[in-house]
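Asks: Right, I'll just put the structure down here and ask away after.
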Amino acid sequence: MDDISVKNNDDANKIEIDVDKIDVDKIDFDKIEVNKNDVDKNDDEIFTFDNQLHNGEPITSIEISPNEKYLITYSYQDCSIVGWDVEDIDKVQLEFDQTVRPNENKKYKIKSLCVSDDNKLAYITIDRHRNIYRNGNLDEYTTITVIDMNNEVKNIALDLIKNDSLTSYCTFNLKGEFILYSDCQSNYQKIIWIYSTQTKNNKWECKRVYRIPENYELISISKYDKVYLFSNDYIYEWNINTERNVKIFGNNKNKNKFETVDIGIFSNEKFIFLKINYKIIVYSNELGIPIASLDINNDIQLYKFMNHTGLFLLPSLFYYTPDKVFKYCWNNKYKNRFNGTLLEEPSDDESTDESTDEQTKFVFGILNERVWKSKLDEKISKMNFSSENSDELNKENNKIIECDEHLNVHSFNLYMDAVSTLFQKVITNGGSAEDAETFKELTESTKNLIKWDVRIGGSKIKLGVFNKHNTEWESISTRTDNYPYKPKYSFYYHKLVVSSLFNNNDIVILTTFGILIYTFSENNNSISLNYFYFMKSNSFGDISTKKLQGYKRIFSKSTLPLPNYDSFRLNGWVSDIMNDKLSLLKYGGELLKFAIKEHKLELIDDIYKKCMTYFKDDLMNNKSFLSIITSAMPLLDEYYPEYVLKYSLETNMITDSSFYSIEHQNKNLHLFSQPPQIANLSQSLLWSKYHYTFYWKIYKSDLLLMTLIVRFIYFIQVLIILLTLPLYLATFYILSKYNFINDIYTSDAFSHVYFAAERIISYCFEKYITTTPTITFMIPYINFVNYSKDYNWFLELIKPQPSPFTETINRNIYKTWNGEALINFKWNAYGKYYYAIIWILFMTLLGCFTTAATIPQQYINKEVRQQLFIASIILGSIHLIFEIRQFCYNITKWFYNFWNIFDIIAYVLSIYTSIYWLQTNDRNNNKAFEYFGVYFAIIISVGKKIFSFLLVLFIIIISFAHAFYILLSPKSEISLEQYNTNNNNDPNNPWNLAPSYSQIDNNGNINSNPLMIQIPDKNTNMFIDIKTSLFAIYLFLIGDSSALSNWPYTENPSIAVLIVLFSLLVVVYLMNLLIGLLNIAIEEDNNRVSYLMQKAEILAEIELFYLLPHQRRWKTWFPEVIHYYADVDKTRVEIKRLIKEGEWDTKEFTEMRKNLFKVLRIE
């Protein structure tokens, strides 16, 4: 099977494949014999085996264990399951293990079956002669059976599973756990059970339980713990381990409805392959978008896609098509029944160093009712199209990807081993200086007859691609890139170190300024740069071996690292990113940050427009492009805040669907998000086990005594409920809300009464519950709240990595409903709980300290007081630790909010005072506590806005105080304790300003010499000192002019002029202006936007300093995409308000706006 040739048949869209030159249709399978001596020699042979183990009956299906160690074949006609050992993948012949016959009389039909790596067999059977009524309809009666094939076909019981659970799907995951999906007959719940396969007392114990939302249907569950669900023409992927829910595909463009039976899903850690009818959609987990849409009937398209990307599509092809016909490879002439399972690649955890190209892929399938096995990964790379077919391939080449105009292979990370090999080769040779060159000429394999010519010199890298025509090489494409990276010494140049070629026309080049990956497109004979990573060289243009080893470690991961900052200085690289959709999605975020920091306004605008255009082209599948903009929000807020406003207005009230949907919801859900989540019921496992073990088994018991005991316990529980009804209902409501109890099994009175009451109340009040029509919008801040996945747990405790949300507290974000809905989601998810805990701890600290410090000793003994002080020290230390973390995180920001200083003083003083009291028993050193509410946000905000005005006012007051000080200060030395007659001529002397009393004779004459003088003090003339002069002017500012009343204004015109100027300029004009500014500032801040910004700051503080590092990565609290409900009537009012105020954008999303107006009936 070393030679595989591909030829065009009569249908231009079909390719015939000759496999080892065997005509499959002409094989007489009954005459095939496998010589064991020849098996090892011909391990590439497609083979069959003697199916007498199934008594000659056809094989219906096959299943393979998660880690490809064991295989089973099932024959419905023979009622048998045969196990085969396939762990030795180098052997073609399967080794027979044993046969299991689950249903000898054909009464049962197997609906689902699976096998584990340690030979545990599980299958679900349908009883053909028994049905169950559900919602008035007949449903299949199914049972689950688990067999240990290593232990004489011994049955294994499953914990918590009853006979009427209606199981319909089972599988094993890579960790060896057993996953079972079932419907509960009693309450119609869709449950996923996960069991440990560690057998104890011949039973598997349930470890986790999940409940699927009512309007979702299960498609499948992969061995990677991914659950695939279908609802309302959308396909979702839910990760059991991370609880991350992603909408991976929506039927927006194709209006044809499809059912779950039409959907096939095959996935690994990097890609999801969706087979819907005759289409295969390839979804990238890394990029978060579908990257290809392929037609199963277009053989050339499939071949070119696999050859170009290295992705293996055979699992997707081995799936039922709607007409129940299987397709073998690409050749449609084989219309036999064909089923198959691909041995999937190991996960990244198992094999991170192995290249995708080098992994051995075997495929097991059923052809003509026999099992076949073949190595197919090597054969695809050896497929050759004859020259006579090259024209057809070139015509089809541009049809490879329907959803993407260009598909760069770097998205699939095919280069990691090659890059690592390049670094190792250079390091082994002793570094770059020994074998560096300025010219390389490389010839690719004869498959494409292409030669690359690479030259570096003069700050340029020149590339040429040549095609061999007859015996001559002809240039078919050239490219020149100017690189701005020059060694320190200008007479040295960068050099080409080493390079490597790939079969898909790509070349990896390692130079002394970085690593570059170029590709040649046969479509338009062009060369494009797929990837560039800048590497810093020394002053001589070389890279030392030590640095190369460091770069090798960077490239040792499973994916190419993101380009560093200086990489984007290469102009050709930037233009290639902008011209390629997937490159923009992968590197656009870093490129936009580079453009902002470098103030490249044109590039910023181009990236912004490209992202918006791609999103408008496919609202459902291209929303990830919005994350490029939102990831750079902190920098845009700092340098170009107009883009934040622009984005906020343009994306207001948008959705990721081609139409708006209106649903009737509870009116309290306005601007609130309630994403459909699979409920984790694992916390209620003890509750379920209690019911299952104690009640359900007893109900099945025939012992009269046990039945009487159960009924007696039931009666006692009813009495308890009647005596504690309010407390009982409140307690069970809380337990049910947080999934500590469930209604999977309801066997006792506690469960019966509560869940029955819940259903009755819901039914009775359903008519009276007010609902309102709501419309669903999407918050356009994609990945805005997410934190980096690459983090160190310990370092995150010291200095946590921020998210765009915590770094961007911008008014323009929260002036729209998008921002308010975002705050509401975060507040309800975790914010209100942590905020309450923080305030409870603070009030506890305040209560403990106040009680210990103020209550007299006759009311509280010494021991209790000491305990209260110790509690104050502990609680104060906890608050102080969080305050110190905030200080270390951002010192400037910490001082900018001066209330932080009050906080830390309060904590330190409470701790210090408590320690001091415990040591000295002296309470004279106590200080009072202050605490504040949300209105301090207005005080802080207004103070910041009028700070500059207050500064100017203060300078003016100082100037007037200084002027009065010069005019009214005494001219000579004075003493307030001794009267000096020599200073009688100084009008500013306090002795002359103090009240004096003179004698009047009988004739009414006044003696010029005072009889008595009141002794002056420091307030007699407040202008003696500059400090008291400043205070005197402040008193004059607030209306007290007594400090200036000691001087007659007619004799001191300069004083009168200053008083008039001060009163007009400061008292009248500036003070009224200050009042006006305060009023404007308060009016501006005393609104909902300021309130939301305050909540955003609180949430940011909680996230960074109160949540643990792993909590900041919880997908339920920090999802990539958030949708929210909005009241339809309020939406109409809001839109009209925005239109009136000129804030309703009509330039972007024109069709979406028209659709919204139509749905809301706005003219």
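Glycine too: its Cβ is placed from the backbone N, Cα and C atoms.
TrEMBL entries are annotated by machine, without manual review.
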Asks: Looking at 313-331, 750-768, 864-882, which one is transmembrane segment according to TrEMBL?
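Replies: The range carrying the transmembrane segment annotation in TrEMBL is 864-882.
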Asks: Counting CB pairs under 8 Å, which listed stretch among 833-852, 894-918, 946-968 touches the transmembrane segment (1055-1082) the most?
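Replies: Against the transmembrane segment (1055-1082), the leading stretch is 946-968.
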Asks: Please give the sequence-distant neighbours of the transmembrane segment (712-735): residues at least 6 beyond its ends with Cβ less than 8 Å from one of its Cβ atoms.
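Replies: For the transmembrane segment (712-735), the far contacts come to 741, 748-750, 753-754, 757.
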Asks: Please indicate, using numbers and ranges, the residues of the same chain that are 6 or more beyond the transmembrane segment (946-968) and have a C-beta under 8 Å from a C-beta there.
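Replies: For the transmembrane segment (946-968), the far contacts come to 988, 1021, 1023, 1026, 1029-1030, 1032-1034, 1037, 1044, 1047, 1052, 1054-1055, 1058, 1061-1062, 1065-1066, 1070, 1073-1074, 1077-1078, 1081.
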Asks: Need one number: mean pLDDT over the domain 'Ion transport' (838-1088).
Replies: 75
